Every structure is written in C-alpha cells, then in structure tokens.
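*Asks:* Sending over a structure as structure tokens; questions will come in a sec.
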C-alpha cells in the first residue's frame, strides 16, 4: 500500500552499504565517519523517532556530505558549512517525496513544523543543515585536528552533535527575530547566508595538501559514490514523476484523532492542538480511499488509515525535484572530480599523491 516507500527503504539501505564499501576502500578515517554518522544519527533520533531504515538515511547524507567536502581541502569552519549545505542537497528531495507519498505524516499544528515549503517544514530543512554541519565540524576538530582516539572522538560526536545543532538553531532564530522554537523562512535564509559567507571567506585558504586526510584520499573509489548519487537523484525524480500519491495508503501511528481545537503545551511551552480533526486539519491526505472505508477514525485513536491525495500542482512538485536533483548531481560531481584532479597534484617535496 506504500510502493514508493518500499523503493525508498531499499534505496537508502543500498546507499549506506555502498558508502561503507567506499569508506573501506579509502582508509580508517572514512570508516570512522561512516560509523559516526550511523551512531550520531541514531543518538539524535532517540529524541525524535526511531525507524530502522532512518539509520541508513543518516549514513547516506551525512557520510557523503562530510567526506565529499574533504576533497576541497577547506579550513575547518568552511568545510563544516559546506557539509551542511551538501547534506540538505541529498535530504531535501527525500523530504519532499516522503510527506507527499505518506512515508510519514507531520503533527498538524505543532509550531516548530508549522512553516512549510512543498509540505516540508522549514525546521526540518534547517535541522539537516545545522546537524550535518555540526557533525562535520566535530569530526574535523576532535578526530582529525586534535587527533583524539577514535573512542573519544566517537563519544564526543554522538553526544554533542544534537545539542550543538539545537544551539545553532536557537541562535539563528534569535538573529532572524523569529519566535524561539518556531523557525521560519527568515531563520533558514539567515542560516544559509551565514554558511555561504563562511565558505566564501575561507575558501581562498583551501589546500588539500594541508588537510589531515589529503594525502590519504584515493580518487578511484569516488567514482562509485558519484554514480550512486546520480542514480539516487534519478530514482527519486522518477518516483515523483511516475508515482501516484492518491494510490498510497498509510495504516499506522499518526497524530491522535479527536475533538477539534483542544489545546496543549509541548515540552518547550509552545501551544498546539492536541488532536487532529477532519474539520480543521491542513494536511495533504484525507480519509476518502477505500482502505479507510469512508469512515473517520474513532476519537482518541492514534492508529488509523490515511489516504494520499492526488497532486494539486504536479508540475511544481516535479520541477522542485528536478531542481534539487540537478543541483545535487552537479555539486557532487564537480567536487568529487575536483578531489580527483587534486589527487594528481604534487607535494612540495615532489612526491605524487594518490592518483589513479
């Protein structure tokens, strides 16, 4: 009843396995990043959600973003900011498709996810950028620059990635004059702008020879992840282009159904409606499909059937997927090819780096 979700699950499991193979073909630093992305992502989701395949999602967007940014030889802060922006290039198409095809459902009135673009909460987009950037920063600082043991670095990355991400999001909302806990487009624009400024200011100082991983990067395995990411973008684009959200049914746990406009406060003190109700809800799904039997869920139930809705503006969704697919494919291809060219460079002593 969720055919595209099945494709998505196996796609991310395949990409995570491919990322591990790529890491093994490189060196132990890459292997460390793979396991760190798995464990740090799982540590983050303990606070929010815990589906099995999501661990492979973390291995996909955090591993590929972090190690790809290494190929430019940027200073620490610029590298972390680039990783954050490259992480959202992988995650955003998945986020758009996931909500449209009922891979998950959002709380209808929760303030932190109330501002949305194509159904995707702005807070989700800002979270990916800041969380991936923080993860990359901790890897570079604790593990590569300070050269702490793998055990110490792993503990630091797993314990600090989520809190530092939350601090960043709070500061960005403060700078943009957003209400704390309710990120809007202003917070997102400020965050992306600051990340781009950091990259631009420090990019002239890039040097792969001076990067802690520079001498150890092998160019040949990078072709596999470049090809895999192009296939990933193509697969998600095909899901959006050929998929029919109205044929998707989600029978599982959702926001509790009940009386309209019953207010409650969440852990941060934000007021929301405790229950979702058909009369007031503003979601891209309904209860009209045969699987729901034309009946509304019983009051106070959180396990029920929801039905996907047909596109109201299909060209917009297709165009958005095409944009992110082209942006991501172009960015990763350029950066991985740049790293390959740099791997042919000569060091100050005349010895060649790992060119293949």
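Yeah, the Cβs are placed from backbone N, Cα and C, and that goes for glycine too.
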*Asks:* Do you know which of 316-335, 336-355 TrEMBL annotates as transmembrane segment?
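*Replies:* Spelled out, TrEMBL records transmembrane segment over residues 316-335, not the other listed ranges.
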*Asks:* So which range, 30-51, 52-73, 118-139, gets flagged transmembrane segment in TrEMBL?
*Replies:* 118-139
*Asks:* Need a quick answer: max count of Cβ pairs under 8 Å to the transmembrane segment (118-139), which of 181-202, 223-242, 316-335 is it?
*Replies:* 181-202
*Asks:* Sort out the residues at least 6 away from either end of the transmembrane segment (6-24), same chain, that have Cβ-Cβ distances under 8 Å to it, and list them.
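*Replies:* Cβ under 8 Å, 6 or more out: 30-31, 33-34, 38, 53, 55-57, 59-60, 63-64, 67, 94, 97-98, 103, 221-222, 224-225, 228, 232, 235-236, 239.
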